[in-house]
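The next block holds one structure in the form of structure tokens; read it before the comments.
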Amino acid sequence: MAKLVKFVLLASHVDWTKGSLYASLVSITASPLLWNVVARNEYRNKTLTKCMGAHSGCTALGVTIFVAGLYREVLYKKALHDQAQFHLPYGIQTVVAWIIFGAGNFLVFTSFIALGFYGTYLGDHFGILKEQRVTQFPFNVLDDPMYVGSTLCFVGAALWYERPVGLLVSLYVAFTYYVALKFEKPFTNMIYKNRNRGAKSKHC
């Protein structure tokens with residue numbers, strides 16, 4: 001019951017008539033939808049690979065995802081500024097916000113270093129496969145550190161700008177990533193299983 005009351009109080013500070021809020025939510029949904037649709041098509045039909053090669057195609061997708069992510073952040077910031085402000089104690093608004101935002105960026109950065117460019121931007125769907133599973137930090141602590149880090153960045157920004165709507169949007173981000181992983185993980189596992197089967201058949 002207490003959690004429900006807190007949620008209602010949080011939602012009461014949200015102006016649901018603002019178009020910028022819905023634009024932000026659409027951009028959050030569109031990002032994983034974009035890279036999953038394009039990457040799966042690439043695995044099955046090799047559309048970009050046929051046009052420009054696997055590495056160039058993956059680079060093009062990576063740049064597109066990166067730019068789309070930047071635009072998503074712009075829309076999120078616009079949505080925050082269009083909403084009511086709820087003043088927080090200095091310790092939360094500044095210290096906690098920066099700790100959460102910093103931790104989020106740290107997870108995203110270290111994930112990128114561990115995976116590399118092609119590992120981060122779905123190179124396995126282009127046939128650019130890793131020899132073995134990445135187990136170094138932060139993957140030895142979290143299964144999906146990049147998604148966790150990205151969600152923390154949304155939370156940190158919500159606290160920094162003191163906008164309750166940002167916490168609701170952050171929940172939506174977490175939900176979106178949760179759904180995306182339900183599709184991504186099994187498909188990626190299938191790619192590597194097929195690779196391993198192919199390698200075994202060659203040795204037979």
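Here the Cβ of each residue, glycine as well, is placed from N, Cα and C on the backbone.
What TrEMBL lists as topological domain 'Lumenal' is 1-18 (among others).
The feature intramembrane segment is assigned by TrEMBL to 19-39.
Positions annotated as transmembrane segment by TrEMBL: 20-39 (among others).
Residues belonging to the topological domain 'Lumenal' (40-51) score a mean pLDDT of 94 in the model. Residues annotated as topological domain 'Lumenal' in TrEMBL: 40-51 (among others).
TrEMBL lists 51-71 (among others) with the feature transmembrane segment.
Beyond the transmembrane segment (91-118), the same-chain residues lying 6 or more positions past its ends with a Cβ under 8 Å from any Cβ of the stretch are 55, 58-59, 62, 126, 128, 134, 136-139, 142, 145-146, 148-157, 159-160, 162. Here TrEMBL flags 91-118 (among others) as transmembrane segment.
In the structure as shown, the Cβ atom of Gly104 (S-adenosyl-L-methionine binding site) sits within 10 Å of 22 other Cβ atoms. If you look up TrEMBL, you'll see Gly102, Ala103, Gly104, Glu184, Lys185 marked as S-adenosyl-L-methionine binding site.
For 119-161 (among others), the entry in TrEMBL reads topological domain 'Lumenal'. Remark: secondary structure over the topological domain 'Lumenal' (119-161) totals 22 helix, 0 strand, 21 coil, with classes taken from DSSP.
Under the heading transmembrane segment, TrEMBL lists 165-183 (among others).
Annotation source TrEMBL lists topological domain 'Cytoplasmic' at 183-204.
Within its own chain, the transmembrane segment (165-183) has Cβ neighbours under 8 Å at 10-11, 13-15, 21, 24-25, 28-29, 32, 36, 76, 79-80, 83-84, 144, 147, 150-151, 154-155, 157-159, counting only residues six or more beyond its boundaries.
Of all Cβ atoms in the shown protein chains, 16 besides its own fall within 10 Å of the Cβ of Ala103 (S-adenosyl-L-methionine binding site).
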